[in-house]
Structures are given as structure tokens and as C-alpha cells.
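Swiss-Prot lists LYS10, ASP141 with the feature active site. What Swiss-Prot lists as ATP binding site is PRO99, MET100, GLY101, GLY102, GLY103, LEU104, GLY105, GLY106, GLY107, SER108, SER109.
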Amino acid sequence: MRTQWPSPAKLNLFLYITGQRADGYHTLQTLFQFLDYGDTISIELRDDGDIRLLTPVEGVEHEDNLIVRAARLLMKTAADSGRLSTGSGANISIDKRLPMGGGLGGGSSNAATVLVALNHLWQCGLSMDELAEMGLTLGADVPVFVRGHAAFAEGVGEILMPVDPPEKWYLVAHPGVSIPTPVIFKDPELPRNTPKRSIETLLKCEFSNDCEVIARKRFREVDAVLSWLLEYAPSRLTGTGACVFAEFDTESEARQVLEQAPEWLNGFVAKGVNLSPLHRAML
């Protein structure tokens, strides 16, 4: 039997770089919220112990794909602790809507959905804490998708505190470029000393993203989309880009602006949600 699982996008409602560690990783403060929009992952169980991704992602080797790595990691961890039946495997396919290098967390979300779904389908019985710990070895953003609740994140993004920001409507626009995260984090002009503040203080301040100034400077497409959106609503970069988003109180307001968008602006309208669609599907 084939089952389908949501793999939602996320937005960074704000993102501040507070320092850089000796190992080169940046410390940050950010606010994650999910969107009711994303990829869909389909899983069909196998009984020969094999993991097969039936829909390869262009430019990514099969064994390097986060979906495959997540499945193999869960398989090994569960088998080593005697919590996996012999022969457990899976055929996995993905209906991909989220762009790569867009700052929407697509790859991390895919990995998290596979961990959560296969843990359920294989009846491994691993806790969310165990799955989140495994997810962190795959990427800093994976744990928030595993846990499935909007969160304030610190450290390198791994220290999570559940929060409930307002669930606004967003027009999310993709400028048509992919921004590799290292391009932003290696830029010498990236602000790296934003003062740390409490979540209570941050929620009262106007939200912004320290990476935005670099993305706009290095990618004129990002600058063009943001300049257009800012004419209509508060707008900013998500993650390290390339996607940007404008914030609205209602769906109709967001759709009215999207309808006026120039042809070169590709976007969609989605609602911010504090409970991940993946976890909502499991209730």
C-alpha cells in the first residue's frame, strides 16, 4: 500500500547572526514557522531491505539525497537497537514543488518527513527526541521539521523553543536563482555581531533578516523582487534565500498582490501555520 506524507515549507520570520564559532559555524537567533504548502512524499513498503528513490532530484546523486540518507540512517539506528523487522525497506517518490536553494527548507523537510513517516510505517517506536537528534546529523534545520511546531531557534539552529507567532498569510516569491548557503555565510560583509535578545523582546521588534543585505547585493534578482513586494507589504528574505515573502492579514490581500505581479515574478500564496501539516496529518 502506498501512503502520502506532507513535506511542508518553512519561513524564517526573522534571522539574526549573533556570532561565529571557532569551527566556522555561525550562531543565530531565528523564528521558524511552517507553511500549508510544500512537497508530497509517497512511500510504499518493501520486504527486501532495499531503499529506492523512484524520483531522482536533478543534480543530486542518489546516495547523497537527504531522503535516501534519512531512510538509511533510520534503518541503521533502528536495526542496531533491535527495533526494525528484518527486510524492512521502502520505495520513495516525491512530488517536488519547493525550489532548491530557496531558503524554504525543502531538503531538510524531506528528510524529516521520511524519518517521521518510516518510523511510523516500520513501527520502530523511536521518540521525537531520538528522531530530532538523528535529523541534526543530516542538517541544522531538520529537527524543527521533525518536532513539527513553530519554534524560536538559537545556537546554530539546533536549540529549539516552541512558540506560537501569529498565523499570517504570505506571498512567497522565487527570484529564479538558487543561492547556496555558503555564498551568504562566507561573505565578509555579512553582519555577525547582532546582539542576542530574548524571544519576548524580539517578538516586539520589527522583524528582519541579517542575510538580506548580502543576498540583495550579490543577486540583483532578489533585490528586484524585494523592491517590488515592498511597495505592497512588509517583505523580507527567508533563510539565506533566494525566496522572499510578503506578509498579509488575509488570503484575499495576498492573492490581489500576486495577480498584479509582473510576469518575471513567480510566486504562490500560503498560510503560516504553527503546527506542521505533517504532524496534523498524523493526528
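Just so it is clear, glycine is given a Cβ too, placed from its N, Cα and C backbone atoms.
This view paints the features noted in Swiss-Prot onto the structure.
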residue: LYS10; record: active site; Cβ within 10 Å: 27
residue: PRO99; record: ATP binding site; Cβ within 10 Å: 18
residue: GLY101; record: ATP binding site; Cβ within 10 Å: 19
residue: GLY103; record: ATP binding site; Cβ within 10 Å: 30
residue: GLY105; record: ATP binding site; Cβ within 10 Å: 28
residue: GLY107; record: ATP binding site; Cβ within 10 Å: 23
residue: SER109; record: ATP binding site; Cβ within 10 Å: 30
residue: ASP141; record: active site; Cβ within 10 Å: 24
For the recorded ATP site formed by PRO99, MET100, GLY101, GLY102, GLY103, LEU104, GLY105, GLY106, GLY107, SER108, SER109, name the remaining residues of the chain with Cβ within 8 Å of the site's Cβ center, in chain order. ALA9, LEU98, GLY239
With DSSP assignments reduced to helix, strand and coil, which class does GLY103 (ATP binding site) get? coil
Could you round the CA separation between GLY105 (ATP binding site) and LYS10 (active site) to a whole angstrom and send it over? 6
How far is it from GLY107 (ATP binding site) to LYS10 (active site), counting Cα to Cα, in Å? 11
Can you grab the distance from PRO99 (ATP binding site) over to LYS10 (active site)? Cα atoms, rounded to a whole Å. 12
For ASP141 (active site), the three-state class that DSSP assigns: coil
